[in-house]
Amino acid sequence: MAKAKFERTKPHVNIGTIGHIDHGKTTLTAAITKVLHDQNPDINPYTPFEQIDKAPEERARGITISIAHVEYQTEKRHYAHVDCPGHADYIKNMITGAAQMDGAILVVSAADGPMPQTKEHVLLARQVGVPYIVVALNKADVVDDEEILQLVELEVRELLNSYEFPGDDVPVVRVSALKALEGDPKWTQSILDLLKACDDYIPEPVREIDKPFLMPIEDVFTITGRGTVVTGRVERGVVKVGDEVEIVGIHPKTLKTTVTGVEMFRKLLDEGRAGDNIGVLLRGIKREEVERGQVVCKPGSITPHTEFEAQVYVLSKDEGGRHTPFFNNYRPQFYFRTTDVTGVVHLPEGTEMVMPGDNTEMRVELIQPIAMEEGLRFAIREGGRTVGAGRVTKILK
């Protein structure tokens, strides 16, 4: 195969390994880097198992998570790949979105088939919106019986179907991460087949800049003679002078206005783009009509809501979370983007209480509306300290 040269023009995709403990997620991650390194050492460093397994701890929204980041390139793409050593780390990562995934490689041991954590990870992938799954049927070298391999594959497809993934269409690739690490040509090829499945099956993600404009408001002030300016970091999309925008959230009524100026570091610009910290001058808006916690966005692209369902991770005592459980009708602050709003928690039927360190589903009613959509992340706070992290899974009202 001809050597792929490193070009920043390759599309970038975020990916990760998920699945039951000891089914070989970390070994597979190491094998991918080794096979690609052997094929093309100039652009692909080899990351050994030990290095991935001893992933450094990161803090995301006050939660400690061990995540290993590796990167590699196929001919078509540049991948950033995350692997978490511990089961709890996976759950925390998926709920807090410390590392976003455009697709996941579900690792299932061919010798054991789907296990409890396999199910839990697939369910979480569904709830936190991991859009595509590719299956690596690992340890396929130790299963001699073709019928058993077919049975396990069928089981995995049924499991994916039961969580609303297209189980019949998902690529299932038989691999042996260990044999590939040892350099066995048959199993080295299996890793390349798996990567081809990722290249072909996981679509290129829509870049933030191509999405509809949205900027959370951090600050509001008045420029005498010019009007009201709101500042913040553009979350997605592009805003240009002359664009019509809406101001959504907190207040009962959504306001429509026009952008009369965009500035960055006190310089006037034609436009602000995703990632920029900017000030936006708004026509005919009074200082008291807007506040921190609202968003400025493309008209009709997002709506205000007060009631939603969420998947939440509750910080353990060691992470600085609560020392005691909470019960139904718990009333903490929900921190969305730039502001706190009080809300009431309704626990699922049959759940008496939630302990620190648990993950749970809940229904929340906020006392003020927030501009939200499915997938929006938030923190749960008490008196300014974070006690949980969650993600909106369904909007109710």
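Quick reminder: no glycine exception, Cβ is built from N, Cα and C everywhere.
In Swiss-Prot, the feature region 'G2' is placed on 62-66, out of the ranges 62-66, 327-331, 342-346. When the binding-site residues C84, H87, A140 are compared by Cα distance to T26 (Mg(2+) binding site), the shortest distance belongs to C84. Looking just at the region 'G2' (62-66), the mean pLDDT is 78. Helix, strand and coil counts under DSSP for the region 'G3' (83-86) come to 0 helix, 1 strand, 3 coil. Sequence-distant contacts (6 or more apart, same chain, Cβ under 8 Å) of C84 (GTP binding site) comprise G16, A55, I65, S66, I67, A68, Y90, N93.
As a summary of secondary structure, the region 'G4' (138-141) carries 2 helix, 1 strand, 1 coil according to DSSP. Summarised by DSSP class, the composition of the region 'G2' (62-66) is 0 helix, 4 strand, 1 coil. With a cut-off of 8 Å between CB atoms and residues at least 6 apart in sequence, the same chain places I21, Q117 near H87 (GTP binding site), listed in sequence order.
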